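Accompanying notes for the structure given below.
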Amino acid sequence: MIESSIGLEIIEVVEQAAIASARWMGKGEKNTADHVAVEAMRERMNKIHMRGRIVIGEGERDEAPMLYIGEEVGICTREDAKAFCNPDELVEIDIAVDPCEGTNLVAYGQNGSMAVLAISEKGGLFAAPDFYMKKLAAPAVARGHVDINKSATENLRILSDCMKRSVEELVVVVMDRPRHKELIQEIRNAGARVRLISDGDVSAAICCAFAGSGIHCLMGIGAAPEGVISAAAMRCLGGHFQGQLIYDPDVVKTGLIGENKEGNLARLKEMGITDGDRVYNAEELASGETVLFAACGITPGTLMQGVQFFHNGARTQSLVISSQSSTARFVDTIHMFDKLEYIQLR
Ligand SMILES: O=C(COP(=O)(O)O)[C@@H](O)[C@H](O)[C@H](O)[C@H](O)COP(=O)(O)O
Ligand SMILES: [Mn+2]
Ligand SMILES: [Mn+2]
């Protein structure tokens, strides 16, 4: 039901966000690259016949115009909606968005940014707080064998068994952050190779599910909202994903997180999360009966090409993954703007 009704539309949502953001590629203005993606995403989402609700977005209500948590999206938000649609007949959908995942990458013209979202029926996505999350992603063959509670060394041995390749042949993506100093050293000591990324751990997590991506594992701490979006894709792909919220600022070392551990735990409790140390797997973070994921490359990446502009047109590459049809579709689209003179083949 969800896929047949809005499958194609969510591709257009991420495409429009990616095109808008890509116009700001390399301009050094991360906030603008982000803002235009948000606006494009909202505009296209508000044409969809659904009763959508943002469960993971860019902040709370008072931080509008970002897509804020709790914001309603879809055709019903139009002022004249009553004239042509009955909200009771529309499907209720929860949406997790990151209109520009990798704002720095876009601003500085680097690889790996994308516009991304995940959707499910109401209640089907974990409404993660704006905290950090310890993450472990690995291919389907290692699902349930590797474990976030085990050491990196042990997980690499398990991964090597599951993938039938030596630890030395494994590549682990880790975000290049001071908090990962010891982790990086441990992975290197174990014999595996480390690919450090400055941003963009959603792409890195999903790459683990694709043989040939050159990425076998993601370890370390990134943002929790991105963790839920990654989990949605990994749930559909059958890959391994575990996440554990990080509420202790001393563990994160950099970045914004509440003032102290006690305060953060209290905030989690207010949100109904009583066990701050709980480890969630992909099926718990994206628990809906139907889960869809869509991403469109802004700058070139491992999974998708970035937006390519030509005279009065653009070409985009997206990835749409569905738990309903068990498909991962790469969608290549030519966008014809006004007064198009030619269509660029490649
Ligand atoms: O790179 C990222 C930034 O996302 P965005 O702000 O949408 O461009 C994400 O992939 C990371 O998951 C995460 O936000 C990052 O790890 C946050 O950590 P830090 O930069 O150390 O505060
Ligand atoms: Mn992000
Ligand atoms: Mn973002």
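Note that Cβ sites are derived from N, Cα and C of the backbone, with glycine treated the same way.
TrEMBL annotates Asp98, Glu101 as Mn(2+) 2-binding residues; of Glu3, Glu9, Glu12, Glu226, the candidate listed for that same site is Glu226. Glu226 (Mn(2+) 2 binding site) and Glu58 (Mn(2+) 1 binding site) have their C-alpha atoms 11 Å apart, to the nearest angstrom. The Cβ of Asp98 (Mn(2+) 2 binding site) has Ile56, Ala115, Val116, Leu117, Val202, Pro225, Glu226, Ile229 as same-chain neighbours under 8 Å, each 6 or more residues away in sequence. Compute the center of the Cβ atoms of Asp98, Glu101, Glu226, which mark the site for Mn(2+) 2; besides them, the chain residues with Cβ within 8 Å of that center are Gly102, Met114, Val116, Gly200, Val202, Ala223, Pro225, Ile229.
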